[in-house]
Each structure stands twice: as C-alpha cells, then as structure tokens.
C-alpha cells in the first residue's frame with residue numbers, strides 16, 4: 001500500500017541517500033555508552049569547569065536529539081538529558097558530515113570530554129559523532145508537545161519521548177509493583193503463577209472474554225480473577241501465596257476501568273477478614289512510606305493517608321443515609337423500599353442485591369478518605385464465609401478511596417457443602433439474567449472437600465493503586481498500551 005509522506009519525511013529519507021554517498025550509515029551497529037546522564041550529573045555536577053578540564057574525562061554518551069541550537073545539541077537518554085558541544089572545526093570529516101545531516105529525533109553516539117558551559121551546566125565536548133538511528137518521522141515540536149490525551153495513548157512511544165511526566169509515571173509503576181513484592185516477600189508469602197485460560201468462569205462477578213481452545217475442542221475463558229486456583233494452593237499446604245498478573249473482564253471502559261488490568265490477590269491460611277484488612281492496609285502503608293507520600297489528589301479529592309483506615313458497616317452506612325434500619329426489613333419490604341428509591345429490579349434480585357444497589361446509590365459517593373466497608377450480603381458474596389451473627393451477611397469488606405473501590409477481601413468460605421449451594425444459587429441467577437454470575441467449579445469444590453484451613457484473602461487493583469500514588473486521572477495514563485477505538 002502506497003503511503004503519503006509529509007515534506008519532512010521526504011527530506012529525512014533523502015538524507016539517508018546523502019549519508020550513504022558519504023559512506024555513512026543511517027542505521028548503525030550499536031556502540032556501548034560508558035555513562036548515562038544520571039551518573040554524570042550525580043558524580044560531576046559540583047566540580048568546576050577548571051577541575052573537569054584538568055581531569056580530561058572522556059565518555060561515550062548515547063541519546064536522542066531533543067534540541068539543536070547552533071553547535072549545541074541536547075541528547076536525551078533513559079535517565080535525563082545531556083548537552084553536547086560540537087565544534088565543526090575540531091570534528092573529523094565523518095563526524096562533521098553526520099552533524100550537518102542530523103535532525104531532531106535522531107539517535108547519536110557521542111565520544112568526548114566532560115566540561116561545563118558558561119552557565120555552569122555539564123557539557124560533553126564532542127570529538128566523534130556517530131549516527132546510530134535516523135528518525136524518519138519528525139517529533140512534535142517541543143513547545144506544543146504531544147498534548148492530546150488520545151494521541152498520547154495511541155502513540156505511547158512518542159509520549160514517552162516527549163513527556164517527562166509520562167516517563168516518571170511508568171518508572172514509578174515499576175517501583176510500586178516492586179514495593180508490593182517487597183512487602184509480601186518480607187512476610188514469607190510466595191509468588192505463584194496460575195492459568196490465564198480457564199475452562200470454568202469463576203472467582204468474581206464479571207463478564208468474560210471467551211476464546212476457543214483448538215487442541216481441547218472447547219471454549220475457554222480468559223481469567224476474571226485468580227481466586228479459585230490460589231485457594232486450591234492453600235488447600236495444598238502453601239499457607240501464604242500471592243499472584244500479580246493480568247485479569248480480563250469484557251466490560252466497559254472509563255477513567256478507572258480497563259478490560260485488561262493488573263491485580264494482586266493474596267491468601268493467608270489461619271487469617272480472616274480482620275487480618276486481611278491489616279494486610280491490605282499494610283500494603284498502602286509500606287508504599288506510602290517507601291515513596292514518602294503525604295497526600296495525593298485523586299478523582300478530584302485531596303486524600304490524606306491516616307492509619308488505621310476508617311471502618312464502617314455497610315448496613316449501618318445505608319441505614320444512616322436513607323433513615324431506615326434495613327436490618328429489620330424482610331425481603332418483601334426491601335423490594336418496596338427499592339421501588340420507593342427508584343431502583344430498577346432485575347429478575348434475579350433478592351434481598352442482598354437491593355442492599356448493594358442502595359449502597360452504590362447513596363453511600364459510595366461519600367467515601368472520600370480511605371475506608372473499609374464491611375458486612376456485605378450473601379447474595380453478592382458467593383465465595384465469602386457467612387457472618388455467624390447474621391447469616392444474611394458475610395465476612396467481607398471493600399476498601400474505598402476517593403469514592404472508588406481499591407480492594408476486596410474476606411474470610412474465605414471453606415465449607416464445601418455451603419460453597420456448592422452458593423454455586424448452584426449462582427446458576428439460578430444466571431438463568432434469570434445475571435450475566436456476571438459464576439459457574440460451578442467442581443474441581444474447586446473437590447479441593448475444598450479435602451479441607452481448606454480457615455483463610456483470609458484479598459485483591460487489590462494495581463492500576464488504580466498506581467493512579468492514586470502517581471496522581472493520574474485516568475487508568476489509561478498508567479497502562480502503557482491501553483486498548484482504544486480504531487481510528488476512522
């Protein structure tokens with residue numbers, strides 16, 4: 001297919017021919033750098049020009065051209081930027097020719113001595129310049145940059161070149177995930193990998209992506225959670241496990257939801273809901289201390305991290321908002337209450353579904369500071385242990401910050417008879433139109449029948465956590481390559 005090139009693209013391609021005519025390459029073999037911008041600045045920024053010139057320190061520095069101002073070039077590497085001074089009179093012939101054919105965006109290797117400018121900035125005085133990679137497309141100009149959010153996400157490679165905030169966000173993302181691993185490794189958890197393709201839908205209430213497994217001649221689901229295989233490992237005697245990995249949910253996209261996202265789930269034998277609240281809070285405390293974060297702006301709110309996090313009962317919070325003690329209502333009365341509050345009743349709804357709708361309508365928007373909400377209804381918690389004080393509810397909690405859910409945890413249901421009944425109830429919901437209801441995972445039931453110790457488990461959405469700690473407004477700004485609509 002013929003491509004229409006811009007004038008700049010034509011000019012740059014013509015320069016390749018000019019380079020070749022002078023026995024120079026537009027795409028050179030690699031040359032190893034001997035220092036990066038961070039190392040040079042940390043080690044030499046406090047030395048005077050006289051001291052540097054006296055030492056005659058020679059380095060090879062590689063980077064992308066971000067600025068050309070007469071004999072001065074600014075090269076950018078993965079740590080920052082470095083000025084280069086290229087005096088054509090002192091360059092050899094090939095370097096001088098290379099210099100004359102350079103463009104904004106080209107990648108160079110420069111050998112030279114370290115000095116300082118009149119403004120006391122470090123500079124490498126070039127002795128030899130080699131073009132490593134010719135940039136055939138012009139970068140956005142530095143003044144206007146790449147500002148359109150959609151374009152930045154679509155061409156993340158250009159965004160990373162042009163925007164320091166983007167680079168810092170994704171470096172921070174890596175550091176946050178390392179920090180999460182540090183926390184769990186220090187508590188003697190072991191990291192595991194479980195299957196992404198699953199024959200059974202389970203572990204969360206979500207719509208799946210479905211694929212066909214040719215070798216087995218049947219449909220499989222991309223996992224919507226890692227819960228069930230991780231709990232099988234608890235049965236097997238691995239008392240503390242965690243997994244960081246991709247989850248796939250075939251649902252909507254907004255500023256805090258992406259169908260492909262990263263999460264951590266962790267499970268601990270001989271723990272419970274309250275232990276999981278402490279562990280989940282511990283993750284946040286570890287990261288906040290590690291990165292010295294005092295407060296953040298998230299979802300339009302100023303968030304301060306005060307430990308321990310606030311804890312509220314779901315039923316108490318709803319009752320306070322609507323001025324009705326819903327604990328005293330039976331299912332029929334709950335349906336009447338739902339109609340009064342304009343809640344659409346689905347065919348599969350029962351007592352607990354209405355509680356959840358009331359919570360989402362009246363309470364979620366009030367949860368600004370970090371808050372654990374506990375005591376979820378059994379109908380929406382098919383994998384959580386029952387509350388022995390009121391069997392309509394479970395030992396489950398969610399962590400909310402800035403009105404958004406960040407974590408989900410419970411005392412795990414380890415009664416195989418009760419678990420099978422819950423799965424069967426989920427099938428009835430599916431028959432009545434609940435597309436997010438779970439299927440029966442017979443192998444999981446089989447595992448529970450061997451005996452799972454009392455266990456606590458929790459899951460945290462890592463992308464949303466990174467949004468919070470890096471103060472980004474959209475999940476698509478903390479995912480390197482988010483899925484976007486096709487260009488028309």
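In case you wondered, yes, glycine gets a Cβ from its N, Cα and C as well.
A quick note: this is a predicted structure, and the numbers were derived from the prediction, not measured.
When secondary structure is read from DSSP and collapsed to three states, residue 405 (Mg(2+) 1 binding site) falls in the strand class. Within the same chain, the residues at least 6 positions away from residue 405 (Mg(2+) 1 binding site) whose Cβ sits under 8 Å from its Cβ are 398, 399, 461, listed in sequence order. Residues or ranges marked as Mg(2+) 1 binding site by Swiss-Prot on the basis of similarity to another entry: 398, 405.
The feature Mg(2+) 2 binding site is assigned by Swiss-Prot to 405.
Following the DSSP three-state reduction, the secondary structure of residue 398 (Mg(2+) 1 binding site) is strand. Its Cβ placed at the centre, residue 398 (Mg(2+) 1 binding site) has 21 other Cβ atoms within 10 Å.
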